[in-house]
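Enquirer: Submitted below is the structure of interest, expressed as structure tokens.
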């Protein structure tokens, strides 16, 4: 091998490149190295020319075919690929409830009867004040079971007698009297209305007062309404 060939091999080794030699025929052979001074353990770049000269003198000859092909391999730095962020999911559409005009009209129509019923008031009795005045005449009449005259009254005998004075006929018993007329609320009650509870009947006198024939040993009198939930009845 020529001196120029040896220099080329040394320079290639000192530059950090890998040289692959592919022979067309047989692979290259090298003589065994006996001299330790021929090894390039460390290369000083500032003195590379002198070291190359010494290596050329001691390096073994390498025979390379004339038609050999050379390739240079260089380590590739790893490439890190950052994946693109996934797209955020689109928000679901908000569904709004729409009320049709037909539904609104139906709702208004269904509410109208209830409002009309609440506004209806029972006409006042034409005899209200007269009934109370007539009943007051019999204050002090004793209670008599089954009594229907001023000699003695029971509760239903007293109310039927007073109402008869204004031309209104009532059934004989308290239970039957509780089924006549029109029921009104306590707020709408007026003097002269009947006050019914199971087993007893009286006449409303106004201001939470009533007049009745209470029970044996008592007499017709005005007193406070004592029932917790009485039924008020208006008889025209």
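The backbone N, Cα and C atoms fix where each Cβ goes, and this holds for glycine too.
Caution: TrEMBL annotation is automatic and unverified by curators.
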Enquirer: According to TrEMBL, which of these ranges is region 'Disordered': 4-41, 42-79, 80-117?
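Expert: Going through 4-41, 42-79, 80-117 one by one, TrEMBL flags 80-117 as region 'Disordered'.
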Enquirer: So how many of the residues in the domain 'NlpC/P60' (125-236) end up helix, strand or coil by DSSP?
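Expert: Taking the domain 'NlpC/P60' (125-236) as a whole: 23 helix, 33 strand, 56 coil.
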